[in-house]
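Notes follow once the structure below has been shown.
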Amino acid sequence: MSSESKEQHDLSPRDSTEGDDSSPSGIHVEVQRESSTDFKQFETNDQCRPYHRILIECQEKSDTNFKEFVIKKLQKNCQCSPAKAKNMILGFLPVLQWLPKYDLKKNILGDVMSGLIVGILLVPQSIAYSLLAGQEPVYGLYTSFFASIIYFLLGTSRHISVGIFGVLCLMIGETVDRELQKAGYDNAHSAPSLGMVSNGSMLLNHTSGRICDKSCYAIMVGSTVTFMAGVYQVAMGLFQVGFVSVYLSDALLSGFVTGASFTILTSQAKYLLGLNLPRSNGVGSLITTWIHVFRNIHKTNICDLITSLLCLLVLLPTKELNEHFKSKLKAPIPIELVVVVAATLASHFGKLHENYNSSIAGHIPTGFMPPKVPEWNLIPSVAVDAIAISIIGFAITVSLSEMFAKKHGYTVRANQEMYAIGFCNIIPSFFHCFTTSAALAKTLVKESTGCQTQLSGVVTALVLLLVLLVIAPLFYSLQKSVLAVITIVNLRGALRKFRDLPKMWNISRMDTVIWFVTMLSSALLSTEIGLLVGVCFSMFCVILRTQKPKSSLLGLVEESEVFESVSAYKNLQTKPGIKIFRFVAPLYYINKECFKSALYKQTVNPILIKVAWKKAAKRKIKEEVVTLGGIQDEMSVQLSHDPLELHTIVIDCSAIQFLDTAGIHTLKEVRRDYEAIGIQVLLAQCNPSVRDSLTKGEYCKKEEENLLFYSVYEAMAFAEVSKNQKGICVPNGLSLSSD
């Protein structure tokens, strides 16, 4: 070895850092900042250095056939005992577990306060979002009431608020409008009249065989979609397929909600201006709606426009104050309820509907309507729509419940959450309700106002019950433009996601691209197509990441057995003749060529070397005329065994999660190519799955299994011994003689 290499070896990282003892282990690795750096090299000893081989005995697998496995599972799950029945009931009704242990003194004040405030907020939001779903206001109040009661009984999260969610209301409204058009209802009005229905909207419902006006048919469609969505969610809980939600990443969900928010805002624009326009559906509905708005903008109702502007001027600053001083305020200012009450009084005493033809909510009945089963004949028409609605609903509910459970130090059961949100849709669908899920804005309010348990949901339900039984008719004169403003103002959180994009871009550019693709497709195409595009694009990005993964050569951190990338860290040591290669991805059919090209590029290309050898041999034979056959044979032997500096390649398999048949074949091919030029290939740190695949794929013979190492350091030590002791049986028992 050269004197320069020895000097580099003598200079340890501790000397170069002036005695920095901040690391207890004495290991110091400096992140690489320059493109090229000289690396330290180990001195190689000429004598054999014995080392201890790691031996691990595999667990014996039981030979249980499929029939025995099924019988054992059935016996375990089908046997009944009093204890098991009790556990099943307590598991399905969590309220029976926590309610008897309820600490009245500690929790009652926070639960009552948060329940009251959320209930007050839900009253105007339920009325406003029912407009978005194409329903009468009373159905929004029904939906919030039943969801609060049922989640109290079945839910495991103490903090989330289950009720109306804007994105789901939008998806319900699109389905309702489509079915109304198919049924031949009057298209002159974009949504069912929230007051008395005109004779033009009164048709014979051929589906049910009875007279049903537009609003009646709208809630029939909405409740049927809700029933199907609930059935899907309960089925997903029964078959434990909650893993579906893992395909909906945070970036995808955020982009979807933001894109849908643009569609919601667009659908409410006509109410802000007091325009009577048909609701656009299908691909490109956002652009179509704005075209209709600008074509009819000369018909703007000045009274509705002024009301909208005044409400915006009041709601936006107050909402900002609530958010800015939320740590100092014991409860947020219920500005929405104040605006609704003030606008209703102004509309009633100013006779805005009679004098200025302002659109109003109309009569809201008190009490409850008789229960009615969903329309079974509509199920084939809405079953597909319910799939996307159910997935979005349970994904948002489960993610919010887990987020707040982690924040407050308790656990939730994802499967039970699916049951809870499923029955929050199935049972209310018989009582003229539409789809519900958890909502982030109301959940944050609930948490910040002192919520302790699910009991706050009962208090919220009591507030809504009071409105349904007594107060509801007082909202007769409430303008639709006020409800539209409330809906739009509540979109602030989703639209503010644009401010987080620079931070997201710095953390993960791929997630930012997924966010943009999902947002744009949800806004410009449709909500269902946007969700599908987002999921497909997200999965494509995962495949893309594994198709061209990162790979690097590794070096040893001095005074340790740790190996890191030489392109990322300084002061790493490499051994002459040994290259350690790491591939950070599964090795399968998509990236097998990437694996080979990266390995050949960073080490040596055995194919090019063999070609070069052949060309050199032919050229040498042409230049020198050899007369004696023995001399010619000697020359060919010398040419074919021209020694290389590199004698061993260690492949670090710690980041290879699995292999397929193409991956195994690639490893075999790589090993064969390198052995042809005198370089041995060793595999290190293979997980049990990869080892099992290599064994089944016959990567190596039975006597060669000791070429699979449990650590990179062990493989490197073996490579040193094999180099220095050619032709001698080394300590692990493998003969390395090369004739």
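Placement of Cβ uses the backbone N, Cα and C atoms for every residue, glycine included.
Taken from TrEMBL, the feature compositional bias 'Basic and acidic residues' covers 1-17.
Annotation source TrEMBL lists region 'Disordered' at 1-36.
Annotated transmembrane segment per TrEMBL: 108-129 (among others), in sequence order.
Per TrEMBL, transmembrane segment is recorded for 149-172 (among others). Only residues 6 or more beyond the boundaries of the transmembrane segment (149-172), in the same chain, are considered here, and those with a CB under 8 A from a CB of the stretch are 92-95, 118, 122, 125-126, 129-130, 132-134, 140, 143, 222, 225-226, 256-257, 260-261, 263-264, 267, 385, 388-389, 392-393, 396-397, 400-401, 404-405, 408, 410-413, 416-417, 419-421, 423-424, 427-428, 434-439, 442-443, 445-447, 451-455, 457-458, 460-461, 487, 490-491, 527-528.
Remote same-chain partners of the transmembrane segment (216-235), defined as residues 6 or more beyond its termini with a Cβ less than 8 Å from a stretch Cβ, comprise 133-136, 139, 172, 175-176, 179-180, 183, 185, 192, 203, 205, 208, 372, 374-376, 378-379, 382-383, 385-387, 389-391, 393-394, 418-419, 421-430, 432-435. Annotation comment: TrEMBL describes 216-235 (among others) as transmembrane segment.
Annotated transmembrane segment per TrEMBL: 241-265 (among others), in sequence order.
The transmembrane segment annotation in TrEMBL covers 378-398 (among others). Note on the transmembrane segment (378-398): residues 160, 162, 165, 167-168, 171-172, 175, 179, 182, 207, 220-221, 224-225, 228-233, 236, 242, 244-245, 248, 253, 256, 414, 417-418, 420-422, 425, 435-440, 527-528, 531-532 of its chain, located 6 or more positions outside it, place their CB under 8 angstroms from a CB of the stretch.
Here the transmembrane segment (419-441) has long-range neighbours at 92, 133, 135, 139, 142-144, 146-147, 150-151, 154-157, 160-166, 168-169, 171-172, 219, 222-227, 229-234, 236-237, 368-369, 371-374, 389-390, 392-394, 396-397, 400-401, 490, 493, meaning same-chain residues at least 6 beyond its ends whose C-beta is under 8 angstroms from one of its own. According to TrEMBL, the transmembrane segment annotation covers 419-441 (among others).
Under the heading transmembrane segment, TrEMBL lists 461-491 (among others).
Residues 167, 170-171, 174, 247-249, 251-252, 254-256, 258-260, 262-263, 282-287, 385, 388, 391-392, 497, 501, 504-505 of the same chain sit 6 or more residues outside the transmembrane segment (512-540) yet have a Cβ under 8 Å from a Cβ within it. Residues or ranges marked as transmembrane segment by TrEMBL: 512-540 (among others).
What TrEMBL records for 568-719 is domain 'STAS'.
In the predicted model, the domain 'STAS' (568-719) has a mean pLDDT of 80. Within its own chain, the transmembrane segment (108-129) has Cβ neighbours under 8 Å at 137, 140-141, 143-144, 161, 163-164, 166, 169, 330-332, 334, 336-337, 339-340, 361, 364, 442, 445-447, 449-453, 455-464, 467, 475, 478, 483-484, 486-487, 490, counting only residues six or more beyond its boundaries.
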